[in-house]
Amino acid sequence: MAPVKKGIIERLSAGEVVIGDGGFVFALEKRGYVKAGPWTPEAAVTHPEAVRQLHREFLRAGSNVMQAFTFYASDDKLENRGQMLKTTGVQVNEAACDLAREVANEGDALVAGGVSQTPSYLSCKSETEVKAIFKKQLEVFTKKNVDFLIAEYFEHVEEAVWAVEMLKETGKPVAASLCIGPDGDMHGISPGECAVKLVKAGAQIVGVNCHFDPMTCVQAVKMMKEGVEKAGLKAHYMVQPLAFHTPDCSCQGFIDLPEFPFGLEPRILTRWDMHKYAREAYKAGIKFIGGCCGFEPYHIRAVAEELATERGVLPAGSEKHGSWGAGLEMHTKPWVRARARRDYWENLKPASGRPQCPSMSVPDGWGVTKGHTDLMQQTEATSQDQLKQLFDRLIDNRMGLGSGCSSRARLSPPSSTITINCILNTTVCVYAIDLIPFSGTTAPPRGAFERLHGSLFIPEVNPTGRNGKQSQLQNGSSSGPSYPGNVAPGV
């Protein structure tokens, strides 16, 4: 009989560092098993071998938690906007739990079942209706006897509280993770106040995941911790950020970036960035440390390696990875062998290799949240008329005419060079956007916005937020080339 594993609260209460896993929907989309757009997890049923293998890679990298691939596995999300799946929500959730348990049993990992924000909430359905959706998933998690539960990826603390209230009814440990930054949730509720609400609702672990880069997420969790302590409450803390640089994001995070989701690669953090992240999170008193979108197994391995002393163990994946590049000592080229040292990699400032790319972007300024017409969901497929309206709104927002959202961006002036080609006829509406991706790592050069097949040319975008004020450029100067008319060659 296998030994009984220590539970998540037992581990955290003992001061242990718990390493989470990484981002499944992004990783599996790149591998061809998840559709970008709906981002739903039916691959647990249709391609279990792919999901199983990714779990195994995270386990080998050092993960102590196998989160069942149940992100966006609620019935209303699986049936949203014309998606017609042959698998049911129950089938997806059951298969995901089985795969996570199978791999967790190959090591000392725990299994977490998770619920996430729902289209129903965005469409202003009632608390009773939203909780009924969570209940369907919880029935599966209870049947499959997961080790603990996570309410993750919530933009509104109100919905997260509803989720926590349902999760705690199972009697299992509950974690709650919001996809917010230091500005708080989409209703402007601060991270500290959000955390207090979640703890009072029954969450024993609180934190943030997704939407922002590691250091921004750590900052948000620090604010949560301060709020909880000020309220005289107690909790454990978790952080599972993006693996992308997001210094230019607005309050809604990376989904507002024009590169989302298919042009984010220049923003990817290196494994050495992950060492810094892990250390900062640990110093902040966060003991549940993992990743979300963009996090691959090698990122998690870096987190586990940075905290190996505190954990008392290196991950199995370190067998093929010399500390701080030590394996390069065996390289045939002498200049590469010379890089087999910590100070080289700690101080490297990687180039993107994209000479036409500015370093920062201008987020889309939609500035909408729950209850807004734009966020009302539907089971029918998005119509061509609806798409045309969205494309027109996109142009307005890129011109700075949208309502916007209070921005964290350190930008002024804007940095994107974008061409939008509009092709319209009676049956088709297509906008092709020639987007130059940004690395998000240094200060921006000047940018431009050009609309073809129209009479409008805007030399610069006004990146104002709701308060109508431009944020100021800090710490850096333009590193990209300039072009006549602010338009890059080939555009």
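A Cβ is built for glycine as well, from the same backbone N, Cα and C atoms used for every other residue.
Just so you know, TrEMBL annotations are computer predictions that nobody has curated.
For the Zn(2+) site, TrEMBL gives Cys292, Cys293; the one candidate out of Cys179, Cys194, Cys210 that the record lists there too is Cys210. Every protein chain considered, the tally of other Cβ atoms within 10 Å of the Cβ of Cys292 (Zn(2+) binding site) stands at 29. Mean pLDDT for the domain 'Hcy-binding' (6-307) in this predicted model: 96.
Listed in chain order, the residues near the Zn(2+) site other than Cys210, Cys292, Cys293 are Gly23, Phe26, Tyr153, Cys179, Asn209, His211, Gln240, Pro241, Leu242, Gly291, Gly294, Phe295, each with its Cβ within 8 Å of the site Cβ centroid. Under a cutoff of 8 A between CB atoms, and with a sequence separation of 6+ in the same chain, the neighbours of Cys293 (Zn(2+) binding site) are Gly23, Val25, Phe26, Cys210, Leu242, Ala243, Phe244, Phe254. Cβ contacts within 10 Å of Cys210 (Zn(2+) binding site), excluding its own Cβ and spanning all protein chains shown: 27.
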